[in-house]
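In TrEMBL this protein carries:
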- 202-381: domain 'Helicase ATP-binding' (DOMAIN)
- 561-726: domain 'Helicase C-terminal' (DOMAIN)
- 744-875: domain 'RLR CTR' (DOMAIN)
- CYS760, CYS763, CYS814, CYS819: Zn(2+) binding site (BINDING)
Amino acid sequence: MEAASLFLKLLLEVQVEGWFRGFLDALNHAGYSGLYEAIESWDFQNLEKLEDHRTLLRRLEPEFKARVIPTEILPEIAECLIAQDCEEIWQVCASKGPMAGAEKLAECLLRSDKENWPKALKLALERNGNIFSELWIIDEGVKDVEMKVIEDDSMENSEVQIFYREDPEEQSLSQSPCPPAEMPSTNLYSPLKPRNYQLELAFPAKEGKNTIICAPTGCGKTFVSLLICEHHLQKFSQGRKGKVVFFANHVPVYEQQKTVFSRHFDRLGYRVTGISGATAENVPVAQTIENSDIIVLTPQILVNNLKNGTVPSLSVFTLMIFDECHNTSKHHPYNVIMFNYLDQKLGGFSDPLPQVIGLTASVGVGDAGNVEEAMAHICKLCASLDASVIATVRENLEELEQVVSKPQKISRKVEPRTTNRFKLILCQLMQETEHLAENVSEELGYLFRIQDRVFGTQKYEQWIVAVHKACMVFRAPDREEESRICKAMYLYTSHLRKYNDTLIISEDAQIKDALNYLKDFFNNVRAAAFDETEQDLTRRFEEKLPELERVCMDPSNENPKLRDLHLILQEEYHLNPETRTILFVKTRALVDALKKWIEENPALNFLKPGILTGRGKTNDKTGMTLPAQKCVLDTFRANGDNILIATSVADEGIDIAQCNLVILYEYVGNVIRMIQTRGRGRAKGSKCYLLSSNADVIAKENINLYKEQMMNDSISRLQTWDEAIFQERIHRIQNQEKLIRDSQPKPELVPDKENKRLLCGKCKVLACHTADIRVIEESHYTVIGDAFKKCFVRKPHPKPRSYGGFEKKEKIFCARENCGHDWGIRVRYKTFEIPVIKIESFVVEDTVTGLQKQYPRWKDFPLEKIQFDAKELSQ
């Protein structure tokens, strides 16, 4: 500021002709276009209008720092900043973390002279689903809004207080805090007050013991972890410093916990940062850990950085907290981290190890059939986490039961359809398709001569996938004959999978939803290569289509499960119109089908359904984005939707607004899943229905109830053990497990330097050689050379977008006539437009032996990795 004042003073003393125009041109050239236009036209109204927004941003700056990740929105608001500002923000994010980056971004916006920056910021926040957009008001009358919404500069203090209100019904961490204007003034600075049962859960950990905290969903385990964390950081004497890492399994949970920790610890002067798979590429992990007091991570990030040496050992931390710690088994990232910990502990290393805390609603019992076996399972989990204590609520049970109500569990067995003409027709089509496939080749025909296959089951799905893979690597002396057979088998097995999917959908949804799913598939078939085989299969389907349509229209074919679901919803909402429901289902297809069924049913017009599914890709369909998931949860908790239809993504970790009705629609798992899903019904008088037409599903749920009691009995018995005896048992298990681990050969993929062929997975035409494959940024694979360009055709990508340094532009497909197999995408990377291929679309053939193999993922393929070099493209 002083430098700018001195510069203006000296500028006004300049006597040279043309200095004013030179000054204006210099402003414009440097990127200060707003100031340039204001001085040029001598109209400063637009600049003056920005002052209200600057005032609002100053007021909201603490919340801005806690909620906004600059790297997510910077590309969309870069035009509102000068280039130097953008570079500095990137550098601060990389060296000091997103919170410091947000502080730098706010500083740059406050001095921005671009009149559209408030609106650009709003749009960027909304596109990324950032909840800060709800606070960022850019309408006229912003001053009035500001006075209503922002009462003082300490916004995060007031939010934290409301976040953990004493009212049991407000304990959910997903609750949007009330605006400070709605809070009593006495609450603004009062400290968080833990309940007695929360203090009881935290006690062993506060004494420095490695602890598994097992307590019901909705009791505030995250708050307990805040208490432990705060006590841990404050116990270090001057000159020493604690460092905490909190692990969250899934990105939505990571985002949620990072916000919770930031809100709580920012006001105490501690630095909280987070790294997930979505941000890891842009964040220097070692510096972020070094510069932070608390780091929220998805566990694979630490696994990767321990493996490559970026993080030298776990001794850099003083406390590790594992959310949903029951996952610490087999090769889960949690267990890989603890392998590292136990190797350090049992190997006699002198470096201090961090304290370990695990959080869970259920430790489970594994495959135990009795209490002794269940105790052994729990001891193994304790050994994996090096825990000497299992903390449960024992002394303050009455208080816990006042806060966390256990829903009434009701199982309803639904009788299946008495007749199912739809299934009979589809089974006939599947039998015809199997017969056609059996006659394609004598060598492969045996695959279809298996008895007792049941159409419309997961078992059939597994079988047909195995057949599909076997056919992909079939070899024949004649290349053309091999291509014909493999292509035909690819088509027959693909159609069988779709028919099977359709039957599964029809079992749980409306028949018309299942038929529409199948019709969409055949429409896509017609729009693609559509060779003779596909024409024949389509003709067979279309011959049956009129009858299938008639079956759909017949009311007597209504799904009994839907009829029962209808009755439950009508009854519960009649008894309590304010009912809020989570409806758990097995698949994304069923989520869409049930949403459609509710919306089309006039008798259920009182329902406003929302959907929540995972982020991964299944059956060529991408999942929900993180912003979309956040939006759904925000709408549900704000009473926008009164029923949420969800897959397993809502099982654990994500804090969902309180509901009083949980319906498990053909949805059952192990005892851990049962406890997690049931725990979603947190309101008083909650009910949890299991709805199924399968007696085995009902029986499995009853077994889970028995296992839950067995788990509780096992924990109680273990808690009576002498601590020294318990620790000796844990130590013995750790030594046994380490011995087994060390004796197992560690398979390492030896890079295969032999040049191999990549063949199209559908028609077996040569696509490229492995010698032409290059690796970009460790995980993306492209093919160099002009020969490959002639092997594929391009079509515009239906969902073009940018991710990392890539801009997705087109889809690429096999160019062979009547094939059109999906090979991957074409992207812009830096200044190059290159293909990026997916290995699952190809078969790898050894050029010497002719042996063929199919790899589901690049990491399974022992390819010699040659890094992408732009010079090769320019040659």
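Just so it is clear, glycine is given a Cβ too, placed from its N, Cα and C backbone atoms.
CYS763 (Zn(2+) binding site) has a Cβ environment of 21 other Cβ atoms inside 10 Å. Proximity of CYS760 (Zn(2+) binding site) to non-local residues of its own chain (separation of 6 or more, Cβ distance below 8 Å) is seen for ALA767, CYS814, ARG816, CYS819, HIS821, TRP823, SER841, PHE842, VAL843, given in sequence order.
For the binding-site residues CYS814, CYS819, the largest tally of other C-beta atoms within 10 A is found at CYS814.
Mean pLDDT across the domain 'Helicase ATP-binding' (202-381) comes to 89 in this model. When DSSP labels each residue, the domain 'RLR CTR' (744-875) comes out as 18 helix, 57 strand, 57 coil, counted as helix, strand and coil in that order.
Surrounding the centroid of the Cβ atoms of CYS760, CYS763, CYS814, CYS819, where the record places Zn(2+), the chain contributes additional residues within 8 Å, namely LYS487, GLY761, LYS762, LYS764, VAL765, ALA815, ARG816, GLY820, HIS821.
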